[in-house]
Amino acid sequence: GICRCEQRFGGKFCDEIVKCGDQQCQYPEQVCLADSCVNVTGELYCLLHECQHDGTCDPISRQCLCQKGFAGIKCELKSLFCDETNNICQNNGTCLTTQNTCVCTNSFTGKYCEINIDIEKIWL
């Protein structure tokens, strides 16, 4: 099994004290405060978890909602997948910049919504 450690502890058996410094904390609901990873929620999470490149923090999901062209946990990555000049998602698919994926309509699937899944009725 995998151990899920309490605040400030990490490692395979949760027996190591974790100092975050410049590194990210192990879990998305944690932020680094005074060199320790601590759990925070809601508005406090958004105050401490600054999104980059004009991204906005959603206190409920605790995720950065990135502007077009950016991706990553803090919108720190330039996203070529969802480039404004090149809509890579086909057949009215919507590009989800935070995950670099396409969200397809009901009739399509595939990485770029390129596969039509409407099945014609075959009469025998």
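Our numbering is plain: 1 for the first residue shown, then up by one each step along the chain.
Placed from the backbone N, Cα and C atoms, the Cβ positions cover glycine too.
Going by TrEMBL, these are the annotated features:
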DOMAIN    42-76  domain 'EGF-like'
DISULFID  Cys66-Cys75  disulfide bond
DOMAIN    78-114  domain 'EGF-like'
DISULFID  Cys104-Cys113  disulfide bond
Under 8 Å by Cβ from Cys104 (disulfide bond), counting only residues of that chain that are 6 or more apart: Cys89, Asn91, Gly93, Gly110, Cys113
Disulfide-bonded residues: Cys66, Cys75, Cys113 - member with fewest neighbouring CB atoms within 10 Å: Cys113
